[in-house]
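Enquirer: I'd like to ask some things about the structure below.
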Amino acid sequence: MKSARAKTPRKPIVKKGSQTNLKDPVGVYCRVRPLGFPDQECCIEVINNTTVQLHTPEGYRLNRNGDYKETQYSFKQVFGTHTTQKELFDVVANPLVDDLIHGKNGLLFTYGVTGSGKTHTMTGSPGEGGLLPRCLDMIFNSIGSFQAKRYVFKSNDRNSMDIQCEVDALLERQKREAMPNAKTPSSKRQVDPEFADMITVQEFCKAEEVDEDSVYGVFVSYIEIYNNYIYDLLEEVPFDPIKPKWNSCSTPMRNTDFVPPQSKLLREDKNHNMYVAGCTEVEVKSTEEAFEVFWRGQKKRRIANTHLNRESSRSHSVFNIKLVQAPLDADGDNVMTLKLFFPVIIVLEPEFCCEKSLQIFKNLFDRSDKIRL
């Protein structure tokens, strides 16, 4: 008897509609920064829109006596030195914000050495708004007319949100406006000239098919991870000139107006999502107000770095944009059950990961539907 010839198994038929489920949610992009001076030696060459090649510096070639090699790296897309902020946003961040408006989580993660252009890419410069102000602008352009009144949504300490009725929300608004240190509403304040040019986006951008039978709220938070400690950059720490402050070495600090922030705890909610307990979440109603909150955290971060002698390569920050959506009743008057859409999470300037930050980043990756590096 002849032995039966083994047949190659047939490949499983992939249905057209299931292609999207097979796609890797992580998209890694590369942006090449222009040289600072015309006479600088360039060691990177853009081969095509997905590949770069690294060239060995001339001095290194002489020392190695020709023993060197050229290396190529591939990415989802490569952006050359002439790429504009808008071109980068349209490809990398626009789909993330669109998914957020339609109920999906997203993570935008910037990575690079000091001086590689992360800050310019994320926050921008005068006249060239970066990815963050453009993300905020697209969010508020999309939900602007469907926003709930302030304090209808209220964050709690369980990494979730509570809904207040219109009467309770109104009472809380009146109470806060009557406080001695109450801030002027963002709509009546003049934009800070320090960042006014960064948030002025000429191109109008919004998501399509927004659910008009719902109301929305936007909350932001800003933390820094440094040496396994988590700091809330939006926390208001009152200064008491009489009571001595204590530093990390358990010695009193006097005659100073700087108080090192208290490290926060990392916890897990009922859905196994990691969150920073006691972290300040600020409800914002416009791009200007959201970026002002971010800018305040940036200033606090710079002050802390100066006083604590931190190195930029040992700390990184997470700016969290949380979108809350709740459907209205049949009459369109009252807010019903809550849908909490976790954020487009902006991770700024990570260069060195400690144990605590690895925990946070792993959880962010696990719960994000789409990731952009």
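Cβ coordinates come from backbone N, Cα and C, glycine included.
Whatever TrEMBL says is automated annotation, not expert-curated.
According to TrEMBL:
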{"type": "DOMAIN", "residues": "25-373", "note": "domain 'Kinesin motor'"}
{"type": "BINDING", "residues": "G112, V113, T114, G115, S116, G117, K118, T119", "note": "ATP binding site"}
Enquirer: So which one is it: of the binding-site residues G112, G115, G117, which has the fewest other Cβ atoms within 10 Å?
Expert: G115
Enquirer: Restricting to the same chain and to sequence separations of six or more, state which residues have a Cβ under 8 Å from that of S116 (ATP binding site).
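Expert: Non-local contacts for S116 (ATP binding site): R33.
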Enquirer: Note down the number of other Cβ atoms within 10 Å of the Cβ of K118 (ATP binding site), including every protein chain shown.
Expert: 22
Enquirer: Let me check the 10 A CB neighbour count of T114 (ATP binding site). How many other CB atoms are there?
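Expert: Neighbour count, Cβ to Cβ under the 10 Å cut-off: 10.
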Enquirer: Using a 10 Å radius around its CB, how many other CB atoms surround T119 (ATP binding site)?
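Expert: For T119 (ATP binding site), the 10 Å Cβ neighbour count is 16.
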Enquirer: Around the Cβ of V113 (ATP binding site), how many other Cβ atoms lie within 10 Å? Please give the count over every shown protein chain.
Expert: 10
